[in-house]
Structure formats: structure tokens, C-alpha cells
Amino acid sequence: MEGERPRSDTVTTTVSSHMETISLGGSIAYDRSFLRSPTGVLLLMEIMFGLLVWALIAGSEYFLFSAFGWVMFVAVFYWVLSVFFFLLHLTRANTRITKVPWSLVGLCFNGSAFVLYLIAAVVEASSVNKDVHQHHNYNSWTASSFFAFIVTVCYALSTYFSFQAWRTKS
């Protein structure tokens, strides 16, 4: 027994997660579980309500007032990026591009969207004036302002979840 080494027990732990995917053909698949996740639900809400924000503004004479041009820019810019990120996560393409720090990208995207949408929503709400503008524009801009604040809350929640994901990966 003198030449024997002390015995060490090795414990191996494996963690598996079930990803429910449906293949739509050759290399395109989508992740159903993403649609049920908080991130997926928030992205869908940001896309739907963001579309309402810029559609309601686009249907009015927003180009006559620079404040509404700013709101339109923020709404369309972040709507396009939200659609991009939604498709990226839905198809799990982000897992195939490993060189990009996706948790940091998500945090920067959602944080900037929250700040700029908050500014745009406040600017839009303060620019709506029933006495000066036509009735149709007033209704559209009021509704758009309401939805802009809803999108702002969605981006704030997304920023929180992105921060949590970034903090756990750092």
C-alpha cells in the first residue's frame, strides 16, 4: 500500500436542454421554444407595437413637424432591427455565428432602443396639440404616442433580460 496513490472520485455532470425545432427545409429551422420565452414574446410585442407607432405617424402629415420626423426615424429604425433580431433568434442563426458576443449586442441594442424610444415617446406626447393640428392627425399622433410608451416599456424589460444574460455570461 505504500506505493499507491490516493484514490480520487471523479464526478461528471451533464446538463441537457430540450430545444424544440421544426425544420422548414434544407438548412432553415425555427425554434418554437424561443416564441414562448420572455425574450421572444417581448420581441414580438416590440415588432407589433412598433409597427403601430410608425404606421400611425406615416398615415398623417408628420413631415410638416420635425419632432414627428424624429419619432418616425426611431420607430422605423428599431422596428427593422427588431425584425432582424427576431429572425436571427428564431432561426437560431446567432448560435452559428460564435465570434459575436450576442449577449452584449443584445444589451446594447435594447438599452439604446429603450433610451431613444423614451425620448421619442416624450417628444411625441409633448408635440400633440389638439388646437393646432387637424383632428385626424391628433387622433393618429395620440394613439401613436400611447403605443410608443408601450414599446418603451417592452424595450426596458428586454434591456433587463439582456443585462441578466450578459451578466451571467461575463
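Positions of Cβ are set from backbone N, Cα and C atoms, glycine also.
Going by Swiss-Prot, the topological domain containing Arg36 carries a different name from the one containing Glu61, and the two residues are therefore on opposite sides of the membrane. Of the recorded ranges 68-88, 103-123, 146-166, the transmembrane segment (39-59) has the largest number of C-beta contacts under 8 angstroms with 68-88. Taken through DSSP, the domain 'MARVEL' (34-167) splits into 115 helix, 0 strand, 19 coil. Only residues 6 or more beyond the boundaries of the topological domain 'Extracellular' (60-67), in the same chain, are considered here, and those with a CB under 8 A from a CB of the stretch are 123-124, 126-127, 134, 136-137, 140-141.
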